[in-house]
Structures are given as C-alpha cells and as structure tokens.
Amino acid sequence: MPADTRPAAIVLMGPTASGKSQLAIDIAKRWGGEVISVDSVLVYRGLDIGTAKPNAAMRASVPHHLIDICEPWETYSAADFAHDARAAIDMIVRRGALPILTGGTGLYFRALLAGLSDMPPAHPEIRAMIAAEAKRDSWATLHTRLAEVDAITAARIHATDPQRIQRALEVYLVSGRSMSDWQNQPPKQRLPLRVLKLVLAPTHRKVLHFRIAQRFKAMLDNGLLAEVNALRTHPSIHAMARPLDLPAMRAVGYRQCWEHLDGMYTAEMLYQRSVAATRQLAKRQLTWLRGELDALWFDPEHDQSRIEKVMEAFLNR
C-alpha cells in the first residue's frame with residue numbers, strides 16, 4: 001500500500017472542563033503545531049472568563065486561531081467556521097506546522113470534517129422580517145409555522161431556540177425549499193488531511209462534575225459577573241429588544257449571570273443553575289462524542305504517556 005502523503009492534523013475533542021486547551025498547547029509545543037479553536041463561543045470578543053478562554057500567556061506560547069474574531073452582537077455560523085478553519089489549516093500546513101483542532105462544538109467539527117451541504121446565504125431583510133414577526137407573535141408561533149413547511153427541521157428545534165427557528169424559516173423563504181431538503185444534498189468535499197481524532201474525558205463522571213463545579217466557582221471569583229455586566233451595558237447590546245437571544249448571550253453561564261443581575265434569583269441559585277447547565281452541556285457533548293467511532297479516548301489525569309505514544313506512532317508512520 002502506498003504511503004499516505006496527505007498532511008497530518010490532530011483533532012482534540014472532549015466535554016467542557018476536560019483540559020483540552022492545555023493539552024492542545026502541550027501537543028503544539030512538543031510537535032511544532034498551531035491551535036485552531038473549534039468553539040462557538042470563543043469566537044466572541046469580551047467573553048473571556050466564562051468561556052475559560054486561553055489567556056494571553058497561553059496564546060503567546062503557541063499560535064492560536066479563530067479566537068476573538070467576532071463581536072458578541074454578531075452571528076457566526078458553522079459554515080463561517082468551516083470556511084475560516086480551512087483557511088487557517090492551509091496557512092498552518094504551508095508553514096510546515098501541525099494543525100491542532102480543539103474544542104467541544106460538535107456542529108463545527110462536523111461542518112469542517114464531513115462538510116456542509118450548500119444553503120442560501122443570510123438575507124438581512126428576510127431575517128429582520130422574521131424577527132419582527134416573532135416580536136409580534138412569539139417564537140413559539142413561528143416554530144408552529146416552521147412545522148407546517150418543514151416538519152423534519154421543526155422536530156429537531158426547540159420552540160425556545162430563536163436562532164435556529166429564524167435560520168430555518170429564512171432558508172425556506174429565500175429558496176422555497178426546506179432546510180431538511182437542503183441538508184439531504186451531498187456535502188462538499190472533505191478535507192484532504194490525514195486526521196487523528198483524540199477524545200479527552202475523565203473516566204468517571206464524578207470527576208468531570210467536580211471539575212465543572214470548581215471551574216465555575218473560579219470564574220465567579222475571577223470576575224465573571226463584572227464581565228457579564230459589561231456586556232449587558234454595552235451600547236450595541238443594551239439597545240437590542242431581545243439581547244438574550246444573541247448566540248453569545250445564550251452561552252452557558254452568561255445567561256444565568258445576566259438573569260441574576262436582573263434580580264431573577266440569588267447568588268446561590270446562580271451557582272447551582274450554572275453548574276447544572278454546564279453538566280447538561282457536558283452530557284450532550286459526551287453523547288455526540290460516543291458517535292465518533294474512529295476516535296481514541298484518553299483520561300486527562302492518567303493517560304499522558306499513552307497520548308504521547310499514539311501521537312508519535314501517528315506522526316511517524
């Protein structure tokens with residue numbers, strides 16, 4: 001069999017709070033790599049503490065890509081990510097470095113590695129019309145309308161998910177075809193890379209739960225509430241009728257802090273709700289990761305030497 005001459009890339013996945021960011025940096029230092037963030041929240045400027053965003057020292061130690069590229073009142077789609085990540089990968093490979101893609105946003109990984117079917121681009125006027133109808137009639141009503149034209153997509157979207165309802169209706173109104181119909185098209189060509197998929201996840205669920213709780217407490221101690229308050233009072237966000245519908249503000253921890261600052265519940269309830277929401281996020285991520293049948297799983301506390309051996313075998317073959 002001829003040797004596989006495609007450039008190598010590392011895909012490092014895992015649930016939140018599993019230690020992916022530091023491991024990605026360690027791999028980059030050891031093997032001459034650059035890190036590409038695969039995270040739908042790290043793209044936003046100003047969301048630092050609550051996202052456990054790699055700090056300045058970490059980002060100075062090895063090059064990082066696709067962090068702090070959007071304002072929090074902007075939208076950034078999986079298609080946007082796939083386009084930007086491909087450009088970053090091409091640049092890294094041309095430099096002779098190793099692309100290391102790390103994060104926990106499954107949709108972004110799928111968009112990049114498996115490809116997305118072509119869909120109509122965003123249409124600002126149609127979006128504005130849908131938003132106005134939602135303000136008048138409610139997103140639940142628009143969800144019902146979506147079900148009438150695209151029952152398959154509506155069944156996958158919760159009635160309280162305005163971003164996805166809006167996009168599904170936008171696709172239908174712009175093209176006259178349902179989103180599910182578009183998604184049934186063959187995807188674009190996959191990446192021409194030789195990929196090693198690693199999953200970093202504690203073996204025992206209790207360990208992950210402990211890490212989640214400790215990390216959120218540290219976020220609060222490090223000024224998360226002040227960070228959220230700065231976002232709440234930013235003119236571009238404060239002027240919005242429904243700022244909590246922004247993708248950035250729907251991130252785990254940020255919505256709960258916002259609601260606490262609005263007086264909806266106590267500091268203790270804020271902590272409990274945020275930890276519970278983060279656990280649910282981790283559970284969803286683990287469910288998705290179990291479907292990645294070609295991925296190798298590692299425990300962050302016990303498998304460092306095993307990761308080293310797997311990396312060496314992959315890169316030297």
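Yeah, the Cβs are placed from backbone N, Cα and C, and that goes for glycine too.
Not measured: the values here are computed from a predicted model.
Here Swiss-Prot flags Gly14, Pro15, Thr16, Ala17, Ser18, Gly19, Lys20, Ser21 as ATP binding site, drawing on sequence analysis. Annotation for Ser21 (ATP binding site): spatial neighbours Ala52, Pro54, Met58, Thr102, criterion Cβ-Cβ under 8 Å with sequence separation of six or more. Annotation note: Ser21 (ATP binding site) sits in a helical segment as assigned by DSSP.
Thr16 (ATP binding site) is surrounded by 21 other CB atoms, counting those within 10 A of its CB over all protein chains shown. According to Swiss-Prot, the feature substrate binding site maps to Thr16, Ala17, Ser18, Gly19, Lys20, Ser21, an assignment based on sequence analysis.
As annotated by Swiss-Prot, region 'Interaction with substrate tRNA' applies to 39-42 (among others). Same-chain residues lying 6 or more positions outside the region 'Interaction with substrate tRNA' (39-42) and placing a CB less than 8 Å from one of its CB atoms are 51, 53, 66-68, 76, 81, 103-105, 107-108, 247-248, 251.
The site 'Interaction with substrate tRNA' annotation in Swiss-Prot covers Thr105 (among others). DSSP assigns Thr105 (site 'Interaction with substrate tRNA') to coil in the three-state reduction, outside any helix or strand.
The C-beta environment of Arg127 (site 'Interaction with substrate tRNA'), restricted to residues of the same chain at least 6 apart in sequence and closer than 8 Å, consists of Gln166, Glu170. Classification of Arg127 (site 'Interaction with substrate tRNA') by DSSP places it within a helix. Residues or ranges marked as site 'Interaction with substrate tRNA' by Swiss-Prot on the basis of sequence analysis: Arg127 (among others).
Note on the region 'Interaction with substrate tRNA' (163-167): mean pLDDT across this stretch is 90. Residues or ranges marked as region 'Interaction with substrate tRNA' in Swiss-Prot (evidence: sequence analysis): 163-167 (among others).
Taken residue by residue with DSSP, Gly14 (ATP binding site) is part of neither helix nor strand, so it is coil. Around Thr105 (site 'Interaction with substrate tRNA'), a 10 Å sphere centred on its CB holds 20 further CB atoms from the protein chains shown. In this structure, the CA atom of Ala17 (ATP binding site) is 13 Å away from the CA atom of Thr105 (site 'Interaction with substrate tRNA'). A simple way to gauge crowding: the CB of Ser18 (ATP binding site) has 25 other CB atoms within 10 angstroms, across all the protein chains here. In the structure as shown, the Cβ atom of Ala17 (ATP binding site) sits within 10 Å of 24 other Cβ atoms.
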